[in-house]
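For reference, the structure discussed in these notes is given below.
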Amino acid sequence: MSEADARPSNFIRQIIDKDLADGKHTSVHTRFPPEPNGYLHIGHAKSICLNFGIAQDYQGQCNLRFDDTNPEKEDIEYVESIKKDVNWLGFEWDGEVCYSSNYFDKLYEYAIELINKGLAYVDELSPEQIREYRGTLTAPGKPSPYRDRPIEENLALFEKMRAGEFEEGKACLRAKIDMGSSFMVMRDPVIYRVRFATHHQTGDKWCIYPMYDFTHCISDALEGITHSICTLEFMDNRRLYDWVLDNITIDCRPHQYEFSRLNLEYTVMSKRKLNQLVTEKLVDGWDDPRMPTVSGLRRRGFTSASIREFCKRIGVTKQENMIEFGSLESCIRDDLNENAPRAMAVLDPVKIVIENFEEGAVETLTVANHPNKPEMGEREVPFTREVWIEREDFREEANKKYKRLVLGKEVRLRGAYVIKAERIEKDAEGNITTIFCTYDAETLGKNPADGRKVKGVIHWVSADKALPAEIRLYDRLFTVPNPAAADDFAATINPESLVILNGFVEPSLAASEAEKGYQFERMGYFCADSKDSSADNLVFNRTVGLRDTWAKIENQ
């Protein structure tokens, strides 16, 4: 299979193939243009993979450009976070990071050009009046009384706007297009407004700032973008995109293409709703492992490869649809099953005492880090007289389907010996506190000599040598597939989206690298928390379970 055949295929790539074949373009230049007013989420990751992936596959270029035209809501913190996320996802932008603010002087000149052509005017209607005059989807707008000002007057007023002689909301520059258009975006849109705000890149140089729709298309053209790719909600805006470029003097003529945004079950993507979750402390910040932000997914233990694979699997279309959350979980589960080293951890411990094992003795066992990858090596696991096992791995009585430890019967401890439960000890409430066992010293790495069958295998850790750890069991943040459709989306938060347990982990995990995935055998995939875990206070986050338990619930 050739490299071209191995590429993903979608309608955008088909357009690019045709453009190159027809000679419309000789190379491909895309961009990823976030506004630095928040943290990236997995919906942005889809756009990142699309734009940077196209540039990679066509040996082209992809810019990282910050659409920074709204200084009141933007911050350098978001700039740095976005750069980190793009790099973490596995991509490098071409050249220096771009900012729309780099082009403020040129944008101002293009606004002057539109005024000189009679295609823009200074409007002194209030923002409320502008909305009223714009009309509705069923009623045309009506022209502003300032629409037909002479060009010279508009130039003078626009210069006064720049000089700070108008208060905010008292004047704006509008494109002069068509107040009767069936497309609201074409009814004389505002292209400049007054804002007395310090900008994180330009400081206090400007007190007028261009609007997104005016800025975006010109920035694309100035950077030589060939294919400007955005989501479907900007489809109507393409008319304004084209109008601006058709009416200014500029060499490059990019074209805008739209694809469907990512809608993922059991979460929300709206910046407003995500912000509500954070400000109302319904989650623990933007990087809470339950959040769909790139930083939250990273902290939970998702790998960049798994997110790229997810974006590849869901594809690029114009059809709006809801993607199953299980599809995302499947990608990280496949990745970690293949690449994560194994370790043992007991989340809900009950003690076992092996009565015929020497008291105080420590036997060092050697266990493979991965059952199918010998190249991942081995680790040492201490075995002692007292060990912890999962409480759910023992029953006083059980049927034949129960393949774990039962009173009077045997089970194998993973990587160690066969043990037999002889008797138990309970507290005053009837809870089992200790299981007394014996072990078969001849069963390390082999079956019992007399041929008896021992089918069950359970995990364990040494009670003497294991390390205490806080285990955070993360799950889906909402109880319904589409929380955004609920009257009160916050009321659908899953009360069990975070369950905290105090367990024990094997000592090899003492120096666990933050966010590195492990399979805790039989329990799921986990990683050390990047903010709270330390050598003295181990904290592990569950990334995903070994299997999709929600699928069973949804199918009931």
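For all residues, glycine too, the Cβ spot is worked out from N, Cα and C.
As annotated in Swiss-Prot, motif ''KMSKS' region' covers the listed stretch 268-272 rather than the other ranges in 268-272, 398-402, 453-457. When the ranges 34-44, 122-132, 298-308 are checked against Swiss-Prot, the one recorded as motif ''HIGH' region' is 34-44.
Cβ neighbour count for Ile42 (ATP binding site): 23 (other Cβ atoms within 10 Å of its Cβ, all protein chains included). Rounded to a whole value, the Cα-Cα separation of Lys46 (ATP binding site) and Asp67 (L-glutamine binding site) is 18 Å. Within the same chain, residues 66-68, 70, 73-76, 78-79, 81-82, 85-86, 200, 212, 261-262, 264, 269, 271, 274-275, 286-287, 291-295, 297, 307, 310, 328 sit at least 6 positions outside the motif ''HIGH' region' (34-44) and bring their C-beta atoms closer than 8 Å to a C-beta of that stretch.
Long-range C-beta contacts of Glu35 (ATP binding site), restricted to its own chain and to partners at least six residues apart, with a cutoff below 8 Å, comprise Phe66, Asp67, Asp68, Asn70, Lys73, Glu74, Tyr212. Between the binding-site residues Asn37, Thr231, Ser270, the minimum number of other C-beta atoms within 10 Å of a residue's C-beta occurs at Ser270. Secondary structure at Ser270 (ATP binding site), as computed by DSSP, is coil.
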